[in-house]
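Chemist: This is the structure I want to talk about, given as C-alpha cells.
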Amino acid sequence: MNRQDHGPAAVQTLRWREGRLEMIDQRVLPARFEYLPFTSAAEVAEGIRSMVVRGAPAIGCAAAYGVALESVQLRGATREAFAVGLQRGFDVLAASRPTAVNLFWALARMRAVWDANQHRAVGDIVDCLLAQAHEISADDVRINRAMGAYGAALLADGARVLTHCNAGALATAGHGTALGVIRSAVQAGKRISVIADETRPFLQGARLTAWEMVQENIPVTLITDNMAGHLMSRGEVDAIVVGTDRVAANGDVANKIGTYMVAVLAQRHNIPFYVACPLSTIDLAIPDGAAIPIEERAAEEVTGFRDCQWAAKGVQVRNPAFDVTPAELVTALITERGVLRQPNRTTIAGLFAT
C-alpha cells in the first residue's frame, strides 16, 4: 500500500460536493464509514456539537464551511437580510463547542473576509466566503505536513509512541497533527509502532486512532487508559505525541481528558511528551490553562452506550471533555514553524514575531 495515496491519510474528513458540505460521521466508525450532508450553519453546528466531526482543526474547517453554506443559502437575499442571516450563522457556530480555539480562529478569518467585501454584491461575497473556506482547509493539510516533517525528526527508528485520543487525519482536513508526526516518520522509512489509549468515554483512541493505523499497516496496540503507567514503568514507551485543542499564552495545553495524567506519568518515567500544535491552536488571549473554558458533556456518555447501561441509575457524573497539562510537563511543542522546546510565554510569543 502506498501510504501517501491510500487509507485515512488520503481520506477527506470534510469535502465540498455539489454545493454542500459532506463530513465523515465519526460517531459510527469503525463499524460504518459514511458521509453525512450539511447545507446550513445550524446543521454544521449540530454536527460539531454531536461529534459527527471532532478534533480542533477539523472543527475549524467545518465552521468555515458552515459560514459559507449559510451565505450560499442567502445568495438571493437583500444586503440587509444577508447580513442578518449571516450573523445568525456565525452565532450558532460559535456556540457549538467552547474549548477548541480553531473554531473561533476560523470564524474570525471568515468574518474578516465578510468585513473586507461588504461593499460588493451579495453574490460576490458568497464566492469570497466559499473560497476562504476552501483555503482554510487546504492550509490545514499543508500545515499538518510541515508539522509532521519537524516532528518525525524527534522519533528514533524503532520508537514505540503512545498517543491519546485521535489527532489524525480524521481530526483535521488531512494527514493529522500527532498522527501526522507518526505518518511522516513512517513515510521517511522509520519503523514506528503506536500505542493507542482507548480514551474514555468517547473512545476516540479505540475507534478512530486504531482504525487509522490499521488501515495503513502501521503497527498499533490498543490499551485502556489506566494501563499507560504500567507500560511506561516497564520501559515499553519511548515517546508520547498528542494533539491539542487550545494552548494558552504561557504554554499550558488543553487536550482530551486524560492527557494530563499521561503527561505526569511521562515526567515520572523520563519519557518525552510532545504536543503537535498548529499556530492556529495557540490562543495568546488566554493567559494560562486556568482560563481555558472546559466543556462538560452529557452524563450518558459515561454511564452507558445506547441501550446498554453499566452505571447505577441515579449516580452523579462528571464528564469534562478536556483537561489542562501545565507547560512544565511539555517537552516541546511541534509547530509548522519548528520545534519549540520547553514552551513558555516568551518563546511562544516569539513564534508569532517571525
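In case you wondered, yes, glycine gets a Cβ from its N, Cα and C as well.
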Chemist: So Swiss-Prot lists R54, G55, A56, R97, N255, K256 for substrate; which of Q187, Q204, Q309, Q316 goes with them?
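Modeler: It is Q204, as the record lists it for that site.
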Chemist: Within 8 Å of the Cβ centroid of the substrate site residues R54, G55, A56, R97, Q204, N255, K256, which other residues of the same chain have their Cβ?
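Modeler: Not counting the recorded site residues, we get I59, A100, C165, N166, A167, A171, G243, D245, A321, F322.
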Chemist: By a simple count of other Cβ atoms within 10 Å, which of R54, R97, K256, the binding-site residues in the record, is least packed?
Modeler: R97
Chemist: If you skip the near sequence neighbours and keep only those at least six away, which residues in the chain come within under 8 angstroms of N255 (substrate binding site), Cβ to Cβ?
Modeler: H164, C165, V242, G243, T244, D245, V275, F322, D323, T325
Chemist: Once near-sequence residues are set aside, which residues in the chain of G55 (substrate binding site), 6 or more away, have Cβ atoms under 8 Å from its Cβ?
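Modeler: G55 (substrate binding site) has long-range Cβ partners T13, A100, N166, A167, L170, A171, T172, G243.
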Chemist: Taking the Cβ of A56 (substrate binding site) as the reference point, list residues of the same chain whose Cβ is under 8 angstroms away and which are at least six residues distant in sequence.
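Modeler: Spatial neighbours, sequence-distant, of A56 (substrate binding site): A100, V101, N102, L103, A171, G243, T244, D245, R246, T281.
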Chemist: 10 Å Cβ neighbour count around Q204 (substrate binding site)?
Modeler: 27
